[in-house]
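Data first, discussion second: the structure below is written as structure tokens.
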Amino acid sequence: MEPSPALAWLLLLSLVADCLKAAQSRDFTVKDIIYLHPSTTPYPGGFKCFTCEKAADNYECNRWAPDIYCPRDTRYCYTQHTMEVTGNSISVTKRCVPLEECLSTGCRDSEHEGYKICTSCCEGNICNLPLPRNETDATFATTSPINQTNGHPHCVSVIVSCLWVWLGLTL
């Protein structure tokens, strides 16, 4: 009996398919987040953050985070990651916070305990998916200006004056 190429291909494809099933990731993807976030909000500008208190790692935090909207008096998603010197997670805390809790992001070493704590904040729906692991990740990322003033009052008078001159009028 001679070997069948079709049978060999079938066996090879079956083996590859089994390997692909075994290589699934434990982390969430952007596609998962879009599925989690519905299009309606309880109030204008409503948003969600992953929330957990001292979870063992990022997967445990994101997996069991309650699917609720942040309170109106909050604006950002906060993440605090405590890790060993090797980078292994000790604890993960995520929550909705006001601006004041996001003013000291970054990483610091705990010399006596031998671990590092990195803190980050972000603005947006479920934006706190990843963990901060170093100074590059431990940032305060916003999509809108933090200091929302009404602009400079003298700018309006300058613009009006320029329009008057351009139109050939005098003040």
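Glycine is no exception: its Cβ is also placed from the backbone N, Cα and C atoms.
Over in Swiss-Prot, the protein carries these features:
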type: SIGNAL; residues: 1-25; note: signal peptide
type: DOMAIN; residues: 47-141; note: domain 'UPAR/Ly6'
type: DISULFID; residues: Cys49-Cys77; note: disulfide bond
type: DISULFID; residues: Cys52-Cys61; note: disulfide bond
type: DISULFID; residues: Cys70-Cys96; note: disulfide bond
type: DISULFID; residues: Cys102-Cys121; note: disulfide bond
type: DISULFID; residues: Cys107-Cys118; note: disulfide bond
type: DISULFID; residues: Cys122-Cys127; note: disulfide bond
type: CARBOHYD; residues: Asn134; note: N-linked glycosylation site
type: CARBOHYD; residues: Asn147; note: N-linked glycosylation site
type: LIPID; residues: Asn147; note: GPI-anchor amidated asparagine
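Cα separation, Cys49 (disulfide bond) to Cys118 (disulfide bond), rounded: 18 Å. Proximity note: of the listed recorded positions (Cys52, Cys77, Cys102, Cys107, Cys121, Asn134), Cys77 have a CA within 10 Å of the CA of Cys70 (disulfide bond), given in sequence order. Of all the disulfide-bonded residues given, namely Cys52, Cys61, Cys121, Cys127, those whose Cα is no farther than the 10 Å limit from the Cα of Cys77 (disulfide bond) are Cys121, Cys127.
Cys102 (disulfide bond) sits 17 Å from Cys52 (disulfide bond), counting Cα to Cα.
According to its DSSP assignment, Cys70 (disulfide bond) is coil. Broken down with DSSP, the domain 'UPAR/Ly6' (47-141) shows 11 helix, 37 strand, 47 coil. Counting only the Cα atoms, the space from Cys121 (disulfide bond) to Cys127 (disulfide bond) is about 9 angstrom. On the 0 to 100 pLDDT scale, the model's mean across the domain 'UPAR/Ly6' (47-141) is 94. Between the disulfide-bonded residues Cys77, Cys118, the minimum number of other C-beta atoms within 10 Å of a residue's C-beta occurs at Cys118. When each of the disulfide-bonded residues Cys49, Cys70 is scored by how many other Cβ atoms sit within 10 Å of its Cβ, Cys70 comes out lowest. Annotation for Cys107 (disulfide bond): spatial neighbours Lys116, Ile117, Cys118, Thr119, Pro132, Asn134, Glu135, Ala138, criterion Cβ-Cβ under 8 Å with sequence separation of six or more. Its own atom aside, the Cβ of Cys96 (disulfide bond) has 21 Cβ atoms within 10 angstroms in the protein chains shown.
In sequence order, Phe50, Cys52, Ala55, Val92, Thr93, Lys94 are the residues near Cys61 (disulfide bond), counting only same-chain partners six or more apart with C-beta under 8 A.
Cβ neighbour count for Asn134 (N-linked glycosylation site): 11 (other Cβ atoms within 10 Å of its Cβ, all protein chains included).
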